[in-house]
Every structure is written in C-alpha cells, then in structure tokens.
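Colleague: Once you've had a glance at the structure underneath, I'll fire off some questions.
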Amino acid sequence: MEVFVQQLVNGLTLGSIYGLIAIGYTMVFGIIGMVNFAHGDIFMLSAFIALIFFIFLTSWLGIGSIAIALLIVLVLAMILTSLWGWAVERIAYRPLRGSFRLAPLISAIGVSIFLSNFVQVVQGARNKSIPPMVNGGITLFEDNGYAVTLAYKQIIIMAATAVLLTIFWYVVQKTPLGRAQRACEQDRKMAALLGINVDRTISLTFVMGAALAAVAGTMYLLYYGVVSFSDGFVPGVKAFTAAVLGGIGSLPGAVLGGLIIGLVETLWSAYFSIEYKDVAAFSILAIVLIFMPSGILGRPEVEKV
Amino acid sequence: MNAPSAAPTTGSPPHAATRPGQGGSEFLPAVKNAALAALVMLGLSIPIIAFRTENSMANELILLPRWRVVAVLCLIVFAVRLLLNLGGIHIARRRSAKRREILVTRVEAPTTLGQRIFFYAAPVLLGVAIGYPLITTLVNGGLSESRYWIDLGILVLTYVMLGWGLNIVVGLAGLLDLGYVAFYAVGAYSYALLAITFGLSFWICLPVAGILAALWGIMLGFPVLRLRGDYLAIVTLAFGEIIRLVLINWVDLTNGGAGIASIPRVSFFGIPFTADEDGFAATFGLEFSTMHRIVFLYYLILVLALVTNIVTMRLRRLPVGRAWEALREDEIACRSLGINTTSTKLTAFAIGAMFGGFAGAFFAVRQGFISPESFNFLESAIILSIVVLGGMGSQMGVAIAATAMVAGPEMLRNLGFLSAVFGDGFDPNEYRLLLFGAAMVAMMVWRPRGLVSHRDPSIVLGERKAISGALVKEGHG
C-alpha cells in the first residue's frame, strides 16, 4: 500500500511533465494537423537553457535564494525557448504550407535530428548534472517503517502544471487569440477570408507550445538534476502518446493523457519490469491509435472526400 | 491549401521588402531586415552557444563563455540575409510568376538536358560500380592498399540497397515508415542466430532472413492498416523502438546490449575464404589475401542492391505496383475503384521489409558483430532522408543521395585543409548528423520532390512522356 501510494505520487509528477509537453503537440496538431516531431527536442533544448542560466545565476551572479533563481530561470527559459519555437516554425514549417502532406513531417524529423546534434556539438555529449535545487518534502504517512513522502519539488511541478493548464485553457477558450486558433483549426481558408492573420496565429501556437515545453524542461531539470542531448526523443514520443491518448486537440485531454502515461510508466516499473517501461508506453501509443484514434476527450475525425 | 497567399502578410519582414509600393529604396529595408535576422540569431545563441558547460576539477559544471562564436554566427546570418534580400527580390518575383504559370501550362514537359543526362547516367554509374574495386586498386597501387575504399563502397551500397527497399514503401506506396530499421535488425539477428545456433550457412540463411523480415513486415503492417500519414509514421516509429528495446532486454536470446560476436563469415558458395588447402585462394590457384573476402562482399552487396532495383522496376509494371502508386496518389479513389487497399499495403510492407532483411543479413555477415545500438531510430531517419533527398520514387536519385550522404562526410574527413581552417581536432563526422538534419529541412523547403524530380511514367499509352515531379502527389495517403 505504501509503495503504491509513493509510486502514485511519483507517477503523477512524471505525468505532469509529460502533460506539459503534450499540450504543445496537441495545439500544433490541432491547428495545422502535423506532428511536430521536433517538439521533444525543443523540450531538451529548454532544459539545457535552464541549466546554463541556473549555473549562471548561482555561481556567477551569486544569487542565494533558490526560489528567486528558479523563477528567473523559468521566465528566461520560456522566453528563449519561445524564440526557438518561432524560428523553427518560420524556417522549417511555414514555407511548406500547401506542400504535399508528408513534407512538414519529414521537415520536422530533420529539425529534430538537427536540434539534438546541435546541442551535442555545442554542449558536448556527456550528461550534465547539477546539485539538487530543492530538497526536503512532507511525509504524508508512515507505515511499517516505510514513509510516503511528497517532495517539495514534486509539489512545485504539479502546481506549475495545474496553473499553466488553467492559464492556457483560458487563453484558448476565452481570448481573441484562442478564438482565432480555433477558427484556424476548423477552416484555415475561411478564417483568412474573415480577416484572421493565419500565419501569425500559427506562429503564436508554436510559441505557446515551446513556452510550455520550456516549463517542462525546467521542471525536468529540477526533478532529475541531469540532462543530456539525447533526452528529447523518448519523452517526446511519450508526450505525443499522451496527446493522442487524451484526444488530440484537447488541452485538458493532453494533461490527462500525460498523467495516465506517467502512472502507467511508474507502476509498470514498480510491479513488472523496469526494462520494459518504454515498451509499455510505446505499446499504449500503438493500441490507442489503432483502437481508439479519437482518444478520451477528443472528437472523432470526420473523413472529407 | 494556399491560405498564406490569401492572408495579409503583415509582420513578415521579407515580404515588406518586396512590396511594390516601396520600389525606390530597397536597400534600407533590406539592411533592417538582415539586422533583425541577426538579432534573432543572437537570441537563439543565448545561452546555448554563448556558454559551454564543462565539468571542472571538482566535478562541478562551470561555464565557458564563447561570445566570439556567437558574434561570427550573427555576422554570417546578417550577411547571408542581406544578400538574399538584395538578390532574392528578383528571384522571389520570378518564382511567383513561374508558380502562376504552372497553374495554366499543360502537363507535357519537354525532355530537358537534365533528363537526357540521367538517361545515360544509369549505365555509366552501373559500369563504375562494377569496375570500382579495379579502379581503386589501380589508383592506390595494390589490393590491400585500397581496402579502405572498398569498405567505403560496401557501406555506400548497403545504404543504396536500404534506400531502394524503403523506397518501395515510402516512394511507391506512399506509406511513411519510420521504423524500417526494425526489419534490418530482424534480418541481421535472423542470420546471426541461425548461423550460430544451427550452423547454417549464409546462403541458406539469406532467404530465410528475408522471409522472416517479410513476415514481420506483415505482422507490423496488419494493425496499422487503418492509419494514415502522420499517425502511421509515429506507430511504425513505436514498433521500431519496441523491437530495439526487446533486442536489448531479451538477454537469453539476443545477448542483450552486449550484442552477438563472432558471427560466421561469408563463404564463396561453400568455399571458405581461408588460407588452408580447401580455401578460396588454394582452390583457384591464387595467392592468399584477406582482400578476396572484401571484394567478394562488395560484389555480393552490389548484386543484392541490383536485385532490389530490378525487382522494384518490374513490380512497378505489375498490377500490384500500379496499385501502390494509385494508393499513394489517392486512397479514397483507390477504394472506390475496387482496389483491395489491405493487401496492397501489406505487400508493400512485406516486400520492403524483405529487402531490409536481406540487407540486415548482409550487414551481420560483413561486420561479424551486431548489437541493438546499430538499429536505433537514427538509422531509420538516415535511410528515410536518403529516400527523401533522392526524390521519393526515383531509383537513381536514391543511389545518388546514398552516395552523397554516406561517402560525403567520409570525404570531408580526409580533407586536410578543413582542420587548418577550423583548428585542430576538427572532426567533420561530428557535424554529419547536423548536416543531415539541415539537409532534410532545406530539401523540403526548396526541392520537396528531391534531387531527381522527374518521373518516368510506369505505364504509357502511345508516346512516352516525362512527368515533372511537381505534378505527382506523393505521400498523400
């Protein structure tokens, strides 16, 4: 029982990170119908940006308070990763609108390979680790000498996910930008005729996705304290799984899917085998796509001839 | 789909410079735009290029500033952008005019010089491929001296074969397969395990490896039949990763991440390449040389690749091949015309996988050692990028792309002046994948139809006409 509750807590934390990445996938897929394959690598890049800023703030500027440093790192990482997201969309995806269907996906794979090797070239191939930023936690209950703890960093991660999901959900549902996004999602040509700047709306969607990936990257660094250039691929695929599982195009669905994937992964590692945890996640992707393509909260796709 | 042309293009700097109203002074906006691009580059470089993280003596991460690199990059971006802005205006105008023309001109494109070159290129390249070991021997002045070059030739041909195999699935049937390397792995492990466990020879294992890979192709293809486009790509990617993870973790069968070593070597149809009396050299009255085996491997992969090519070319003329191409163009139309899309897709998967399996068996017999790390996603991406760069569906393009992508970086490594320019310790191989990724993006942006963008129609009525690749709607399904 204690082990189960502890794994539940860990799974929800991991799932929150997946959920944050998944929102970027789901928004981009919703609006232009492409899998932004490079999103996982944007996440990895943001973790590196956060890492460098964190070292810069603590050892060069000597900021003592971890809370302030973390907040500054988060804001800076969000801004700079957004710039990357914007640049990637501008260079690699925008010229391809109206090209054949697989062109954006192939371009995205190219960006993904480029980004991970770019980071390898400029930052080296070794794992980069930093001392833990936030220590300690709350002991929820103790039984048979096994204490179930909720670490402070886990609280930060879950709270950040909840707050950001609320903010972004509000943006998509209630603001003019969100309305423009949903209009482009339904019919891009019609939206353009009605005076919506389609290119700008799509750019902003990428920027929002990248900003959320930056939060996920910072949280990943906070949680594990280690990052390497190849860390984008597997979390990226798992987050995509989460987006599909939750129903592509739905923001709460993405976070819900992320939480489920996180739980499955941790519980699978705890009770079955840790070696096959990625196999479990990848199998969920295949099973969901084959048997339940519209996901939990998504709308069924209508085939237009 | 051309929504951008309908949308107002405000906020997009390159268009601002080309707007006709501003005709008079185009220089200032161009500089402004280039400065903006440089500023973006600066933003992108902070902090990922500006600071390099290194482990210090105390094993803590320290930052090493590199602002000079950032400054150089920003200057390059500024210069390139400025040149593009000043020179690119005319290109952009010409291009948009050309695009409008395409909408009204007829399908009949005259045979261009490029196409005529390609008509003669095939036999010439084939001749070069057959004579390659001889050429390198003459150039290097000895068989043993040219070992490096023949090894490189084998590597290139392996990728040519993989490219041609994947071309069946991606180029002809229009199914984007991101897990092709799984079949390569199945072929390699089939040969390694059969040869070691049962002592079977390569010549028995080769067809078996192909058949096993084809069965896996059907097994993986069956569940994903309903999926299309991006979803199909992601699921095949997941399958590829699952196979790799199983190979790593099923230690009893595959020896896990340590891999399988001492895989039996290839024989000359039963005669081993050894120095003793029954060996190849003694049987044919030659002086023993380890190079005999290498040259034999070269011709083996050449024959395998050519078989792949010939089979593909013949299949394209069969009903199933025409069904593949029809499926690529429009799946719904296919279904309404009574083509069985299930069996069409499955045959594409199975035949593509079979050639992947052959290539895998060859890989195992050449290396003598295989491990799951040889079959990661990157390998799939490289094979896919070869097919994409070659122009999906073009056999010649795939061969050229494979040569460029595999041999190109090797050539770069041998150029001494590069390390003189970039300083010691410069290894172009480090930048190989970086260039691969950038090339894939550039290709999609500028030449989405690949290097060889014209198609020979598979079937013609009366006179044979060349079709521009721009009129072929690849990968729609």
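Here the Cβ of each residue, glycine as well, is placed from N, Cα and C on the backbone.
TrEMBL labels come from automatic prediction, so no person has curated them.
Okay, these came from TrEMBL:
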{"type": "TRANSMEM", "residues": "A:12-35", "note": "transmembrane segment"}
{"type": "TRANSMEM", "residues": "A:42-60", "note": "transmembrane segment"}
{"type": "TRANSMEM", "residues": "A:66-88", "note": "transmembrane segment"}
{"type": "TRANSMEM", "residues": "A:100-119", "note": "transmembrane segment"}
{"type": "TRANSMEM", "residues": "A:151-172", "note": "transmembrane segment"}
{"type": "TRANSMEM", "residues": "A:202-223", "note": "transmembrane segment"}
{"type": "TRANSMEM", "residues": "A:243-267", "note": "transmembrane segment"}
{"type": "TRANSMEM", "residues": "A:279-298", "note": "transmembrane segment"}
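Any idea what these are sitting next to in the structure?
Modeller: Within its own chain, the transmembrane segment (A:12-35) is flanked in space by residues 42-43, 93, 97, 104-105, 108, 154, 157-158, 160-161, 164-165, 168, 172, 181, 184-185, 188, 201-202, 205-206, 208-210, 212-213, 215-216, 219-220, 223, 235-236, 238-240, 242-243, 246, 248-251, 253-263, 265-266, which lie at least six positions past its ends and keep a Cβ under 8 Å from the stretch.
Below 8 angstroms of C-beta separation, residues 13-14, 16-17, 20-21, 23-25, 27-28, 31-32, 36, 39, 42-51, 54, 70, 73-74, 77-78, 80-82, 84-86, 88-90, 93-94, 130, 133-134, 153-154, 156-157, 160-161, 164, 168, 171, 177, 181, 184, 231, 235 of the same chain, each at least six residues beyond the ends of the transmembrane segment (A:202-223), sit close to that stretch.
Listed by sequence, the residues of this chain that lie at least six past the ends of the transmembrane segment (A:243-267) yet keep a Cβ under 8 A from its Cβ atoms are 7-8, 10-23, 25-27, 29-30, 161, 165, 168-169, 172, 185, 277, 280-281, 284-285, 288-289, 293-299.
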Colleague: Same-chain Cβ contacts of the transmembrane segment (A:100-119) under 8 Å, 6 or more residues past its ends?
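Modeller: Distal contacts: 32, 34-38, 40-42, 44-45, 48, 88, 92-93, 229-230, 232-233, 236.
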Colleague: Can you name the far-off residues of the same chain, 6+ from the ends of the transmembrane segment (A:42-60), with a Cβ under 8 Å from a Cβ of it?
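Modeller: Long-range Cβ neighbours of the transmembrane segment (A:42-60): 21, 24, 69-70, 72-74, 76-77, 80-81, 84-85, 88, 115-116, 119, 123, 128, 130, 133, 209-210, 213-214, 216-218, 220-221, 227, 229-232, 235-236, 239.
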